[in-house]
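Here TrEMBL flags Lys35, Tyr255 as active site, proton acceptor. For Arg129, Met303, the entry in TrEMBL reads substrate binding site. The annotation domain 'Alanine racemase C-terminal' is assigned in TrEMBL to 234-358. For Lys35, the entry in TrEMBL reads N6-(pyridoxal phosphate)lysine.
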Amino acid sequence: MPRSTVARIDLGALRQNYRLACEHAGPAQAMAVVKADGYGHGIVPVAQALANDAPKYAVACLEEALAIRDAGLRQPVVMLQGVHAPGDLGLCVRQGFEPVLHSHHQLAWLDQMAARPTFWVKVNTGMNRLGFLPAELAEVMRKLDAIGARPGLLGFVTHFACADDLDSSMTAEQTARFEEATAHWPELMRSVGNSAAHFIPGQPMFDWSRPGIMLYGGSPMLAKIGPELGLKPVMSLEAPLITTRTVRAGETVGYGGGFVADRDTRMGMVAIGYGDGYPRHAGTGTPAAVNGQRIRLIGRVSMDMLAVDLSNAPDAREGDPVELWGPTVGVDEVATCAGTISYELLTGITARVPREYR
Ligand SMILES: *Cc1c(COP(=O)(O)O)cnc(C)c1O
């Protein structure tokens, strides 16, 4: 019998979160960001679950776009990082992928192609990862005209650096730069808006927003957990309690002996560890739950197991499922305890953990 460590995926919750994104994005449309294997939830089931609602998907790379096509879905797929080789442009044409072109290097590839895909141009308004500076845009447009590629241009994209922080003025500055830089071409579409931007009051979303983490119930905002923003948890990560015992006051638990019981403590071992993607940096005190009762981790997370304090759950027995995150314990809470963000936890669940869908 397989061990019952599992990531349960609630596709109904995913759809509700997508609808919330649409409400916040309106009148802009929302392209569903399903990169990194649907943020660890499985790109194909996630894309299929949103197929009746989402007019477009967005992914990071070609392999992810192809996974959507292989599943038989026909919507356009935006490739947020563009293409990595000129030959990929031909595939984009055939498959209806929309690469985001961000460098002169990529524009030169367009010139080499007989057939051109529809595409977007990335504007660097301050994130300083990818894109053309506002001052370069006129030249980019001349170049596209010169090589006859202008008809394929759908519009402009930019990405916010600090939208998670309502106290930052950066998003307003980036929005103003984007608006000004693209104002000469009102016939073209514009896309801004990661999940966080959906929660900034009054934030313009232009034509297309690009929600990712919020679809999966993770909070995009600093110091907020998903449910506080109206988001439903999508993944419940569960693993069985495989043994229970009482450690005596003064004894230690696990590698390094860092946790010392301050009193006799009933504890349990749970069949999940960093080999499953559970974060090793989640230390003593990180919340989990058993039978709806919150409990805490103790000691160091091992590769295949972790220890929990069962003082709060005297009825917990071997075989009971422990929730590592889900409806009782928010993934954002665990992320905070591990010094990271829900994005990393969700995308980090390894192939050893089966995904079960409902
Ligand atoms: C990943 C990504 C998004 C989605 O970001 P979330 O914070 O997960 O909503 C949007 N736009 C771009 C360019 C991205 O790379």
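Any Cβ shown, glycine's included, is placed from N, Cα and C.
Here the features listed in TrEMBL are painted onto the structure.
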residue : record                       : CB count, 10 Å
Lys35   : active site, proton acceptor : 19
Arg129  : substrate binding site       : 10
Tyr255  : active site, proton acceptor : 11
Met303  : substrate binding site       : 12
Residues of the domain 'Alanine racemase C-terminal' (234-358) by DSSP state, where helix covers H, G and I: 20 helix, 45 strand, 60 coil
DSSP-derived class (H/G/I helix, E/B strand, else coil) of Arg129 (substrate binding site): coil
Pairwise CA distance, Tyr255 (active site, proton acceptor) versus Met303 (substrate binding site), rounded so that it is a whole Å: 11
Distance from Arg129 (substrate binding site) back to Lys35 (active site, proton acceptor), taken between C-alpha atoms, in Å: 18
Secondary structure at Lys35 (active site, proton acceptor), reduced by DSSP to three states: helix
